[in-house]
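TrEMBL annotations:
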type: BINDING; residues: G1, D3, S5, E17; note: Ca(2+) binding site
type: BINDING; residues: P95; note: substrate binding site
type: DOMAIN; residues: 1-125; note: domain 'Plant heme peroxidase family profile'
type: REGION; residues: 1-23; note: region 'Disordered'
Amino acid sequence: GCDGSVLVSSTPHNKAERDHPDNLSLAGDGFDTVIKAKQAVDAVPLCMNKVSCADILAMATRDVITLAGGPYYEVELGRFDGLRSKDSDVNGNLPEPGFNLNQLNSLFAKNGLTQTEMIALSGANIDMIYVPL
């Protein structure tokens, strides 16, 4: 997830989030890029263990949105990496492709988010282009 736990690999005794069917479309090279960025930061002695993979994911997400023509926004840093990753944690936490507006509102509200925040996170409003609900 957003805490970087999606980067944790499965083990013989634990199937991790990244291997849940809903996450199989995530690009493996994206995981590698975040891990390489973390290694590069940690290679600087004064920076070692100061930047989390979760922060790198948040900054990379912001940068991709900006490069795609979306707004630039500040990212609050200081997240801790999740060390626990179970594929069962994905169940019920991601919207299904056929969800209607009420189902989406309910899912996001369960996580403390408003409809406006849901729309922003869904990428439905980029640079004054809005998808009608």
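Sequential numbering from 1, following the chain as shown.
Any Cβ shown, glycine's included, is placed from N, Cα and C.
The structure, with features from TrEMBL marked on it.
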| residue | record | Cβ neighbours (10 Å) |
| --- | --- | --- |
| D3 | Ca(2+) binding site | 18 |
| S5 | Ca(2+) binding site | 19 |
| E17 | Ca(2+) binding site | 23 |
| P95 | substrate binding site | 14 |
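In terms of C-alpha distance, the listed binding-site residues D3, S5, E17 place E17 closest to the residue listed as 'substrate binding site'.
E17 (Ca(2+) binding site) carries a helical DSSP state (H, G or I). Packing against the region 'Disordered' (1-23) from elsewhere in the chain are residues 31, 34-35, 52-54, 56-58, 79-87, 89-91, 93-94: each is 6 or more residues past its ends and has a CB under 8 Å from a CB in it. Secondary structure of the domain 'Plant heme peroxidase family profile' (1-125) per DSSP, as helix, strand and coil residue counts: 63 helix, 3 strand, 59 coil.
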